[in-house]
Amino acid sequence: MSRVYNFSAGPAVLPEVVLRQAAAEMLDYQGTGMSVMEMSHRSKPFASIIETAEADLRELMAIPDNYKVLFLQGGATQQFAAIPMNLMQNKVADYIVSGSWSKKAFKEAKLYGDARCIASSEDGNFSYVPNLDNLEISPDADYVYICQNETIYGTRYPKLPDTQGKPLVSDVSSMFLSEPMNVADYGLIYGGVQKNIGPAGVVIVIVRDDLVMEDVLPFTPSIMRYSTQVAAKSLSNTPPAYGIYICGLVFKWLKEMGGLSAMQQRNQEKAAILYDYLDSSRLFKATARKEDRSLMNVPFVTGDAELDALFVAEAKNHNIESIKGHRSVGGMRASIYNAMPKEGVEALVAYMAEFEKIHG
Ligand code: PMP
């Protein structure tokens, strides 16, 4: 068996120890005589899996007691709709558009009310996070929305916007659990898990309890109401049970690795290896503004589309997979999530240096 260095933006690399444990427990989960995949979501063993997962996530992120944790389906994209449906009591929301994902969320919110784009970096091809000083927050906004780490363009908010007391809603899909966050700064944090936490099919929503309301937009499907899912403890219908189990294993792994501060340090070290090389290279160039660079997604180009294509094509020979940039921007992108070992980043930089010697 040989494993590659998988730089995919998501679904993405998972910790090998987690995959091994899942494999070992595949046929008989802890003496139950069945796989977690085969188990009733109302059974005692599954209750323990989801309760332990929530407790471990609460511990890792130091989630205050007045926040609810939900494990849902529908991906991050479904939350683009669920958020306005649940939170737009005044039918006004402010969106900061820093890339494709916040743009999509903004567009979706417009279906349900007066969503306003209060800052955008589209004019600079989303290579930076919009200026957050002097934002014109709408006095009647129900919330202010950001995508805190933009997976495609490789930017990350260097600081949070001052929302003037409005709840801050953040899509953290591509930076989930990569560093500590102060949950109390947010009204709602959410993300798909298929980048940093588990397999596709689970989205985690962390929502302050005063934002879990009965008084939602009237057409909101029951299944998409946070109040329904809070009351049912994410078990309103059959949850993505196997995915939640893997998330739980990853939470245990993160605790063993020393928690989120340790992860942040590791991620900073890994990202520095790549950015330092990019900053010194005469061939490759990072595309995001320096102050706003993501620790998780690193897009870069040579400036020559043919050379980019050659770099991507030859990467396989170096055990490097899924290094191609998103189809909307081209070039290359290295996603270096929690589970990407430092050796993987070093292998990538070694290949880049070799390529530069020949083509630079
Ligand atoms: N938000 C961000 C930041 C993402 O990177 C993605 C997926 N790449 C999404 C939302 C959409 O996620 P999903 O496919 O789970 O709906």
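Cβ coordinates come from backbone N, Cα and C, glycine included.
Per TrEMBL, domain 'Aminotransferase class V' is recorded for 4-348.
Here TrEMBL flags Arg42 as L-glutamate binding site. Look at Arg42 (L-glutamate binding site): DSSP puts it in coil.
Counting only same-chain residues at least 6 apart in sequence, those with a Cβ under 8 Å from the Cβ of Trp101 (pyridoxal 5'-phosphate binding site) are Ala76, Cys147, Glu150, Thr151, Ile152, Asp171, Ser173. Annotation source TrEMBL lists pyridoxal 5'-phosphate binding site at Ala76, Thr77, Trp101, Thr151, Asp171, Gln194, Asn237, Thr238.
According to DSSP, Lys195 (N6-(pyridoxal phosphate)lysine) is assigned to coil rather than to any helix or strand. According to TrEMBL, the N6-(pyridoxal phosphate)lysine annotation covers Lys195.
Proximity to ligand 1 (Cβ under 6 Å from any of its atoms) holds for these binding-site residues out of Arg42, Ala76, Thr151, Asn237, Thr238: Ala76, Thr151.
Here pyridoxal 5'-phosphate is bound by Ala76, Thr77, Trp101, Thr151, Asp171, Gln194, Asn237, Thr238 per the record. The longest Cα to Cα distance in that group is 30 Å. In this view, the densest Cβ surroundings among the binding-site residues Thr151, Thr238 belong to Thr151, judged by other Cβ atoms lying within 10 Å. Long-range Cβ proximity for Lys195 (N6-(pyridoxal phosphate)lysine), meaning a same-chain Cβ under 8 A and a gap of 6 or more residues, is found for Ala9, Gly10, Pro11, Ala12, Thr151, Ser173, Ser174, Phe176, Met296, Ser335, Tyr337.
The binding-site residues under consideration are Thr77, Gln194, Asn237. Their Cβ neighbour counts within 10 Å are lowest for Asn237.
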